[in-house]
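Take a look at the structure below.
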């Protein structure tokens, strides 16, 4: 904008000279919609043309997608030299790649003179597509493309997103707007967003999507909704993604007019067989059913005094002829069961080990309660060697600040996967249970409850996208480090410049521990308010079911705090392998991070460093608040490197998080002090308000509530 | 893509040569998000630079927006020559523009040698902004920019969108996804979409937004929600848009702890005064309240035996010191009132004429029932000369096929505005009631229930955007022709190429009449199914309130069909001026399009052309179906001229519309035939199914239901 003083006009006048050439009509909006697939324009001059060689691409839709993706991502990189995509049909297939799985790929490159020869080999076109995405991941993360040698196959067979999306367009525990499924206009209108969704999933190796909420409506199994699901399946198929449906157990009654849903009733089994046949006519590669049965009010086989195995196997038999699977959730607990909620799933499922059909996976949450900021690994892992055990993570952050808090989940996922069950001695990690290697299972799976909605940025914030990304990468290889995943993501999402990557990663890595500190430190859990699990509510004791109340979990009183799960308490530790149980039996040998999960301790209990439990607890809260402050400062320092829109959004969200962290700290401390009347440790500020003020806070219309 | 046969490889191999330069990494997505403000790149070479001259732009945010918009829209047009933006403060203000209103502008240009001198003059910077938008509208519609001479001021003062958006993110009667208001993250996070929204509104002259549903929650008047509304007001302010809130009548009880909401109770009035003061502290230019009182279950002054005027005036007194207004809806009818629903609003409000405070507008729907595909104009227009009467249109298409049917509403709006009430002789149009000229009112208003949601295309379809656009243009000037508005919109939305403009306009103009034909021809109304007012349900007689049932409106039986509103029936025609009532007293002098709205007639009644009513009715249904077929054909012919994404979406929607039109026709005919047992006229095909099939159709999870 050039200002000048025009002659003969008021002195206040000025003029702006506008160069038409310098004004692009549309600025490229960095609104986060491109996710980690931004493929930013090259800064330098593009080099010579690339020649992509592949066997006849006609009639090979996945190969076409692979080539198109390669062109899209390669173009600005100025890569040169021949690029070969190869499958065994090509004739010159090297024997050393024979061990690749159906989805695996081998990626290699070498410098020949001034050009780079690159080759991606795979047994299938889907493998080629995954190889292309991996190549582009490397290309846009700053890798040296001249000396690649990567051989990679997924460790887990079913890598699935669970959408808790309702047929009315809302999303249970969704914090990114409405559902992206436009059920009303399906199957006619196939929104381009479905392709974008499938592409993003394929780029991180996700190969399945459960379309509807586990709190399922029978309608999703009616003919119109099967047709709608089939339309989505058609869009997803070239990207290697199968659709699954959450099945309502009582559908034979609600849709079929039967009087029962008893799994041993032949009419019920026949109804499900016919329903499976109907679905497979519309969706020949339908993945199968996800079932939440006898859990939080959902119907199930226990209504007919049948076991979970009897229920799952009946459905499995209906799907078996078509190659489908049943993913049967182990998330069960009963309001009329006085047993420690953390023990109930184990008690119900452990005795059924060996009874499930071979196309059933029992889907177990990472912890025994419900997706808390931190939970010890679920004791069912390692305890059911004759069962296909599938992991269920929650990518959407029901209990971790939802859409606005930055709490990178890579460390949470990895912590659970790397936990050692000791089931078959050292190294019996949860990852090895889930990938089947520990017990020799071939049908393996991992599910993440999606954080995807219709918001332009998909996940409610830019950084929540990293959780989707990390889930996919860990589903492919559970042993990847969360740090390396964060680096990859940061490079692709913002910039491969090392200082940007390092700075963004440095914010992400501690962020989950920061949230644990300001929300539920030292093994506390489920202290969230009644308003959508967002703010603090450690005092809450009025919810309908005892195990929904924070006081059930903190057990705090004048003397102490924590849930005794040792021999003197609920005995939950006995569900772990003996060596672990022995360690957990005493607070001194229990990791501080799980301390109050397993032990009820006096406020004056001496921690390993000599501080009292109370002082240490307060220190953790303080550390949580200052941790967010650090994140704010680190983010501000990145301002020159980040585009305005994504910078501002993240900046505002960190402001919200800082305020919420203070609220969590102050409200929690105010409540604990109302019980223990202890002074705060030196240097720790009193809560800004009295307890009554915090108790009076309401958060109406919190999103994501069922 | 160049294919070649490489040497030494399998004959099936081929190669693709990729030119890096030729591959832009991001194609510009024509997803409809740009609305009519696409400012497409110029096809030719840009000409020389433009010099924009304006008085000191510092400290003048609206002037800055005007200049920025001009640069954005001008750049690719290659316009040359000086461009002057002028206000009276500039010194050389021409006296001939003194009559411009605060929002008006004068636009002129002339050719001087090989350059064009252009000038926009306005009394305010908002006027300049409107002038810039009008200039760009002309520039992108193919106007001759060398000889402009436009002087324009809005005819109506308050040009408002009513958002029926709920605080939980849903939208009542919304068919374009969730609400764009992210209440949960307001006031902190000001989504850039709010700016886009304000800019789009400003571009068509809309200057107000009621943020929340008329079925209001009291929460919207609490301090946290006032702060959220204030954040939106801050974003909107530079674009000339004021925020309003729907006020829940019983808020003094729900929020204030009062025992009553009686408008004559001093404590109630004091509560509202304090609430208004609180709102104005946060939003100094707050527009005022919209109120739905004693209507469809909402509380209101009648609960205390007070009149609408007493209720409205109490609120008006609270707003008056701040310059705010009350928009009080006349949409009232009572389930326990046996009177014809079409008469009730008139009966309730007409006697109150002259009793409303001068900052009250009574907001009257265009017709006496509820936003039907066609209604005669509301008899209150012309009947309350001493009251500020405001028009309420529904832009969202609750009864007109919702998001998927193409039914351009310009003709519907214009038909209502151009209807002659004859209240003060010929030419007493509804437009002149609404713009205040008929009765000398200065406080005038027009509201449109918004069709805006979080869908990427804003309105659920590309063509629904035209209804938002047309509402704004008619609010500015109610005498614009819907054809000219369609042309403007088509030129900006697709292409100014005359053949594109003509073809798109040719599809749009008859589209509403086509929908009338397949849904509710010849004056029928409210024949929609119980499933969200989408499909046909002329047989429905089971809804809780008699006047919610289609049978209440069609009154069809073995002998005839239609609602007798003459002297032999409900006498509703007496609510119109005597000359109109005389015309409506006999079917022979009643326009066919309103025939069955006013008359119950035998199936064998002879129409003006000699055909029986039954045969003519069937012909209308047939015409509706063939009308959609025509639209499909015309759209297909446009394929070469329209980008792929918007073409395909519209194409798919027309397929849905064609199927729905058939459904409407067949279901309606099947039901009428079940009553009259008459044969179809020659050449008319029988319904595809029997009546039972249509009655059994269900449409669960229809969007937009409360």
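A Cβ is built for glycine as well, from the same backbone N, Cα and C atoms used for every other residue.
Residues or ranges marked as signal peptide in TrEMBL: A:1-22. Positions annotated as domain 'Alpha glucuronidase N-terminal' by TrEMBL: A:98-135. The feature domain 'Glycosyl hydrolase family 67 catalytic' is assigned by TrEMBL to A:141-458. Positions annotated as active site, proton donor by TrEMBL: A:296. The active site, proton acceptor annotation in TrEMBL covers A:370, A:398. According to TrEMBL, the domain 'Glycosyl hydrolase family 67 C-terminal' annotation covers A:460-683.
Shown on the structure are the features that TrEMBL records.
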{"residue": "A:296", "record": "active site, proton donor", "DSSP class": "coil"}
{"residue": "A:370", "record": "active site, proton acceptor", "DSSP class": "coil"}
{"residue": "A:398", "record": "active site, proton acceptor", "DSSP class": "coil"}
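Straight-line distance linking the Cα atoms of residue A:296 (active site, proton donor) and residue A:370 (active site, proton acceptor), rounded to a whole number, equals 12 Å.
When the alpha carbons of residue A:398 (active site, proton acceptor) and residue A:370 (active site, proton acceptor) are compared, the span between them is 9 angstrom. Under a cutoff of 8 A between CB atoms, and with a sequence separation of 6+ in the same chain, the neighbours of residue A:370 (active site, proton acceptor) are A:331, A:398, A:399, A:526. A Cβ distance under 8 Å defines the sequence-distant neighbours of the domain 'Alpha glucuronidase N-terminal' (A:98-135), meaning residues of its chain 6+ beyond its ends; these are 54, 60-63, 65-67, 69-70, 73, 79-88, 145-154, 202-205, 207, 239-240. Local packing around the active-site residues A:296, A:398 was summarised as the count of other Cβ atoms within 10 Å of each Cβ; on this measure the leading residue is A:398.
Summarised by DSSP class, the composition of the domain 'Alpha glucuronidase N-terminal' (A:98-135) is 11 helix, 15 strand, 12 coil.
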